[in-house]
Amino acid sequence: MAFRRRAKSHPLFSQEFLIHNHADIGFCLVLCVLIALMFEVTAKTAFLFILPQYNISVPTADGEVVLYHYGLKDLVTILFYIFIAIILHAVVQEYALDKINRRLHLSKIKHSKFNESGQLVAFHLTSMVWCLYVVVTEGYLSNPKSLWESYPHVHLPFQVKFFYLCQLAYWLHALPELYFQKVRKEEIPRQLQYISLYLVHILGAYLLNLTRLGLILLLLQYMAEFLFHLARLFYFTDENNEKLFNAWAGVFVISRLFTLTLSVLVIGFGLARMENQTFDLEKGNFNTLLFRMCVLLLLCFSQAWMMWRFIHFQLRRWREYWNEQSAKRRVATAVHGKQQPKAIKKESGSHENGVVKAENGTSLRTKKLKSP
């Protein structure tokens with residue numbers, strides 16, 4: 001008990017130390033793994049953290065190709081890249097977002113949303129370019145039939161498996177970042193929702209051997225999300241910059257339609273025409289009617305939920321816009337009403353029965369006023 005009290009009072013176990021130095025702790029752990037590569041005794045263990053495991057050599061016409069499949073050792077690799085993601089998160093925050101925030105002088109709520117969108121813009125842009133490169137080099141765009149042919153896609157190229165491991169690491173790192181970044185309690189449920197959605201879809205595509213379809217769907221999703229968070233950044237710098245929201249709205253709707261169409265094409269038609277439709281866990285074959293129905297229902301439900309959130313967001317924007325316009329009209333009417341009596345007095349005197357009176361009440365000269 002005495003040791004526990006001393007441990008809790010020690011600065012290494014304090015909440016403030018963990019919040020402000022979590023990136024330094026992650027950097028030290030990553031550095032320890034990299035140093036372990038220098039020694040023969042620990043190098044084999046260190047490679048478990050850095051490189052994807054479960055590689056096999058597959059003979060081809062041009063020689064041998066090294067492919068990978070998944071297993072429990074992937075958890076070790078994901079853990080290592082969680083610390084890498086924490087370090088990169090801190091670097092973007094300190095060297096980019098904090099400097100911009102000092103110039104903008106945003107409120108606390110806008111400051112938190114600006115940091116969130118800034119981090120996601122950097123991540124979505126990197127993932128979008130990386131995903132596009134993988135899809136093009138692997139030939140998934142030029143040959144759409146490869147999305148369902150030769151299913152199950154148990155053996156993955158290095159770049160495909162490494163991409164999925166990094167994606168899982170990033171979204172898992174976002175969970176402790178809610179604590180480290182002191183996210184407000186009101187924002188935590190919303191952020192947990194989209195983090196959980198990403199983890200469920202990415203992990204499902206990885207474990208169910210639908211990695212090729214998952215890459216295309218992630219590319220569509222990241223394009224829409226990148227535009228949305230970029231529009232938020234421009235909006236926080238200047239509230240009149242709302243044109244990017246219109247571009248995001250168009251891309252969002254198109255990406256939802258493409259997602260549903262491609263999912264039905266691959267799962268509902270492509271996999272349904274495959275000869276091998278038996279459940280085999282050892283071979284990684286999940287191509288059964290129940291499997292296809294569950295995956296399609298999950299995808300349709302998630303897309304419908306996102307569309308409902310999108311419509312709700314657009315209605316709120318339009319409501320705020322019309323309220324702002326009506327408020328401006330009321331202010332303009334009130335100002336015009338106050339200025340109108342002042343516009344009548346153009347001379348130093350005043351009119352009474354067609355006679356111009358001076359300020360002391362004496363008549364200057366008679367003048368007939370024109371009728372209105």
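Even glycines carry a Cβ here, placed using N, Cα and C.
TrEMBL has this to say about the protein:
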TRANSMEM  78-97  transmembrane segment
DOMAIN    112-321  domain 'TLC'
TRANSMEM  118-142  transmembrane segment
TRANSMEM  162-180  transmembrane segment
TRANSMEM  192-209  transmembrane segment
TRANSMEM  247-269  transmembrane segment
TRANSMEM  289-311  transmembrane segment
REGION    333-372  region 'Disordered'
Item to check | the transmembrane segment (192-209) and the transmembrane segment (78-97) contact flag, 3+ Cβ pairs under 8 angstroms | outcome: no
Checklist entry - So what's near the transmembrane segment (247-269) in sequence-distant terms, Cβ-Cβ under 8 Å and 6+ beyond its ends? => result 147-148, 213, 216-217, 220-221, 223-224, 227-228, 231, 292, 295-296, 299-300, 303, 306-307, 310, 314
